[in-house]
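A.B. asks: What follows is a single structure, and I will ask about it in a moment.
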Amino acid sequence: MSGVIVVGSQWGDEGKGKIVDFFAEHADAVVRYQGGNNAGHTIWHGNTKFELSALPSGILTEGQLAVIGNGVVVNPEALLAEIAEVQSQGIAIDNLRISNRAHVIMPYHIALDKAAESSTNNRIGTTKKGIGPAYTDKISRVGIRVADLVDPDVFAKLLKEYLPFKNAQLTKLYNEEALNYDDIYETYVEYGRQLAPYVTDTSYLLGQMIANKKRVVFEGAQGIMLDVDHGTYPYVTSSNPTAGGVMNGAGVGPKQIQDVVGVIKAYTSRVGEGPFPTELHDDIADHIREVGHEYGVVTKRPRRIGWLDAVALRHAVQVSGLTKLAINSLDVLTGLKTLKIATSYTYKGEEIHHFPASDTWFEGLDVNFETLPGWDEDITGVQSFDELPANAQNYLKRISDLLSVDLLSFAVGPKPEETHLLSDVWQ
């Protein structure tokens with residue numbers, strides 16, 4: 001086995017890209033297996049910062065493939081823009097591979113996403129990038145795949161078949177303008193021409209690599225608590241960020257996976273609507289938001305802030321089979337006198353240790369916290385676990401104990417050199 005999954009284990013924005021990039025230095029391929037350009041990751045390449053949402057994190061690491069799997073929905077315009085940005089810094093992208101089975105985000109997906117979000121009072125806070133409508137078409141079997149995009153004749157046939165129905169939705173349901181066939185065809189055929197050199201059967205490619213003992217990292221987008229099945233439905237994404245999403249979204253089998261690394265922050269954050277049991281609305285939240293620069297990479301919206309939630313994290317451990325834990329942003333908590341971790345909930349007088357499926361439960365939910373002492377020492381320069389203040393060490397140990405998952409790494413800053421391993425993920 002030589003496959004490792006790195007998955008966000010909260011509501012996204014946990015710093016997965018940094019961890020993936022960190023492990024990618026010793027990998028032969030990095031694979032995105034779900035989501036689209038609705039979730040960004042910030043990655044440092046030397047002293048240059050990249051904010052990517054379409055390209056896999058591994059694109060910046062020389063020596064391994066960066067793979068967009070079949071479970072991803074691809075926005076060709078956004079992808080080509082990021083390719084141009086990376087190339088402008090002198091970084092080659094010959095290592096990019098795109099699944100011919102991945103679905104394409106079309107202009108009508110974006111238009112319908114914007115129209116639907118603007119027309120309802122029950123908004124779930126989408127990024128309006130067409131992700132949900134693209135996945136809807138995939139499940140409805142009226143989607144256009146990358147294999148279709150790179151074949152002008154097939155693309156023309158499908159666009160002629162699907163566009164009238166999409167235009168009827170836009171004009172009749174939402175009072176929006178219809179989209180022009182010729183404009184879409186000419187633009188997207190050119191996108192297909194530019195992307196064609198990178199398109200291949202990535203499932204076959206990855207199967208061959210793993211069979212030959214190559215090291216492959218699978219990179220989840222968003223987080224487990226945004227999973228369409230296991231997250232805070234309906235305030236979720238439209239795909240499966242859980243480890244199980246790798247099987248469908250990359251086309252590999254469970255026996256090919258060695259470890260599942262769950263990435264979390266030392267606290268909790270969330271963008272958009274939806275339940276958030278440990279959310280704070282005080283000076284502590286403001287402090288964490290400013291010190292941690294808690295604003296969405298894609299949306300730029302201020303993130304909601306809360307204490308660490310061990311109940312939600314145990315749910316993440318269960319549904320993704322986490323074997324290792326990477327804890328980021330420990331430095332953000334420096335200076336807080338006390339820290340809290342949610343260990344259980346109380347609902348209608350009964351203590352519960354599982355994460356509720358129904359969002360109506362959260363209206364009457366009380367959170368039970370465990371309080372730990374904080375630390376004042378500056379930890380940004382530490383080089384090992386033993387150099388951390390005792391209270392910081394105890395905080396990390398307590399998280400590991402509550403989740404029954406071994407600690408793989410901790411981070412005291414955003415840069416790669418500020419992440420410290422306690423063991424080798426590839427052992």
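Keep in mind that glycine also has a Cβ here, set from the backbone N, Cα and C atoms.
What Swiss-Prot shows for this protein is this:
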- 12-18, 40-42, ARG303, 329-331, 411-413: GTP binding site (BINDING)
- ASP13, GLU14, GLY15, LYS16, ASN38, ALA39, GLY40, HIS41, THR127, ARG141, GLN222, THR237, ARG301: IMP binding site (BINDING)
- ASP13, GLY40: Mg(2+) binding site (BINDING)
- ASP13: active site, proton acceptor (ACT_SITE)
- HIS41: active site, proton donor (ACT_SITE)
- VAL297, VAL298, THR299, LYS300, ARG301, PRO302, ARG303: substrate binding site (BINDING)
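Give me the structural setting of these features: burial, nearby parts and distances.
C.D. replies: VAL412 (GTP binding site) falls outside any helix or strand according to DSSP and counts as coil. Around VAL412 (GTP binding site), a 10 Å sphere centred on its CB holds 24 further CB atoms from the protein chains shown.
Following the DSSP three-state reduction, the secondary structure of GLY15 (GTP binding site) is coil. Its Cβ taken as reference, GLY15 (GTP binding site) is surrounded by 21 other Cβ atoms within 10 Å in the chains shown.
Neighbours of ASP13 (IMP binding site), defined as other CB atoms within 10 A of its CB across all chains, total 27.
Classification of HIS41 (active site, proton donor) by DSSP places it within a strand.
Counting every protein chain shown, the Cβ of PRO302 (substrate binding site) has 15 other Cβ atoms within 10 Å.
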A.B. asks: Enter the number of other CB atoms within 10 angstroms of the CB of THR127 (IMP binding site).
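C.D. replies: So the Cβ neighbour count for THR127 (IMP binding site) comes to 22.
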A.B. asks: Measuring Cα to Cα, how many angstrom lie between GLY15 (GTP binding site) and GLN222 (IMP binding site)?
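C.D. replies: On Cα coordinates alone, these residues lie 10 Å apart.
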A.B. asks: Using a 10 Å cut-off on CB atoms, tell me which of the binding-site residues THR42, GLN222 is the least crowded.
C.D. replies: THR42
A.B. asks: State the Cα to Cα distance, in Å, between PRO302 (substrate binding site) and ASP13 (IMP binding site), rounded to an integer.
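C.D. replies: Checking the Cα atoms of PRO302 (substrate binding site) and ASP13 (IMP binding site) gives a distance of 12 Å.
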